[in-house]
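Colleague: Pasting the relevant annotations from Swiss-Prot:
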BINDING   Arg41, Gly42, Asp98, Asp99, Leu100, Thr101, Asp102, Thr103, Gly104, Lys105, Thr106  5-phospho-alpha-D-ribose 1-diphosphate binding site
BINDING   Asp99  Mg(2+) binding site
BINDING   Asp102, Thr103, Gly104, Lys105, Thr106, Trp144, Ile145  GMP binding site
BINDING   Asp102, Ile145  xanthine binding site
BINDING   Asp102, Ile145  guanine binding site
Amino acid sequence: MSLPEKAFPVSWDQFHRDARALAWRLAGTNGRWQAIVCITRGGLVPAAVIARELGIRLIETVCIASYHDYSEQGELKVLKEISPSLLEEDGQNILIVDDLTDTGKTAAIVRAMMPKAHFATVYAKPKGRPLVDTFVTEVSQDTWIYFPWDLGFSYQKPIADGEIG
């Protein structure tokens, strides 16, 4: 798989710095969050960093699959729902975390589940930007972000796809 013309490879160090920067921004909002709901899988890593930095102990997940072949967004499917107890009060005092908002389709589904929650992503593209309350870096819509969990020295298919190496 070759990198697209506008590739943005992100190292583990850079992602950690950006996730901590997001935590700093969130700390400045004076939010008193009782829990984080992270959108899996991309939200897992920033949620762990943010939970540590802000002292949040409860992390819940919602799983919405959108990238089925690592290149294009497909049909959105909710694979795991949010715990009903966190849906009370429409997500008031809940922090939703993801790595990226791209088209905003995933964000819109989660926002509909928790309209009063605070939505934070590390990166935002213009189409998804209106659905996010806090983010760190905006990238152009035609940029493909390569996250460190997708990369070795080059893009690596997941082991489950049958190729090791």
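Backbone N, Cα and C define each Cβ position, glycine as well.
Since this is a predicted model, take the numbers as computed values, not measurements.
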Colleague: Note down the number of other Cβ atoms within 10 Å of the Cβ of Trp144 (GMP binding site), including every protein chain shown.
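Modeller: That number is 15.
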Colleague: For the GMP binding residues given in the record (Asp102, Thr103, Gly104, Lys105, Thr106, Trp144, Ile145), what is the largest pairwise C-alpha separation in angstrom?
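Modeller: Max span of the GMP binding residues, Cα based, is 17 Å.
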Colleague: How big is the Cα-to-Cα gap, in Å, between Leu100 (5-phospho-alpha-D-ribose 1-diphosphate binding site) and Trp144 (GMP binding site)?
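Modeller: If we compare the Cα positions of Leu100 (5-phospho-alpha-D-ribose 1-diphosphate binding site) and Trp144 (GMP binding site), the gap is 11 Å.
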Colleague: Give me the non-local Cβ neighbours of Gly104 (5-phospho-alpha-D-ribose 1-diphosphate binding site): same chain, 6+ apart in sequence, Cβ-Cβ under 8 Å, ordered along the sequence.
Modeller: Lys127, Gly128, Arg129, Pro130, Leu131
Colleague: Show which residues of the chain containing Asp99 (Mg(2+) binding site), separated from it by at least 6 in sequence, have their CB under 8 Å from its CB.
Modeller: Gly42, Gly43, Val45, Pro46, Thr121, Val122, Tyr123, Phe147
Colleague: Among the binding-site residues listed here (Asp98, Asp102), identify the one with the smallest other-Cβ count within 10 Å.
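Modeller: Across Asp98, Asp102, these binding-site residues, the one with fewest Cβ atoms within 10 Å is Asp102.
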Colleague: Measuring Cα to Cα, how many angstrom lie between Lys105 (GMP binding site) and Arg41 (5-phospho-alpha-D-ribose 1-diphosphate binding site)?
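Modeller: Counting only the Cα atoms, the answer is 16 Å.
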Colleague: Between Thr103, Thr106, which of the binding-site residues has its C-beta surrounded by the fewest other C-beta atoms within 10 Å?
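Modeller: Selected from the binding-site residues Thr103, Thr106 on minimum Cβ neighbours within 10 Å: Thr103.
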Colleague: Quick one: give me the count of other CB atoms within 10 A of the CB of Leu100 (5-phospho-alpha-D-ribose 1-diphosphate binding site).
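Modeller: Excluding its own Cβ, the number within 10 Å is 22.
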Colleague: For Asp102 (5-phospho-alpha-D-ribose 1-diphosphate binding site), just give me the three-state DSSP call.
Modeller: coil
Colleague: Could you tally the C-beta atoms, other than its own, that fall within 10 angstroms of the C-beta of Lys105 (GMP binding site)?
Modeller: 16
Colleague: For Arg41 (5-phospho-alpha-D-ribose 1-diphosphate binding site), which DSSP three-state class applies?
Modeller: coil
Colleague: Other than its own, how many Cβ atoms are within 10 Å of the Cβ belonging to Arg41 (5-phospho-alpha-D-ribose 1-diphosphate binding site)?
Modeller: 15
Colleague: What three-state class does DSSP give Trp144 (GMP binding site)?
Modeller: strand
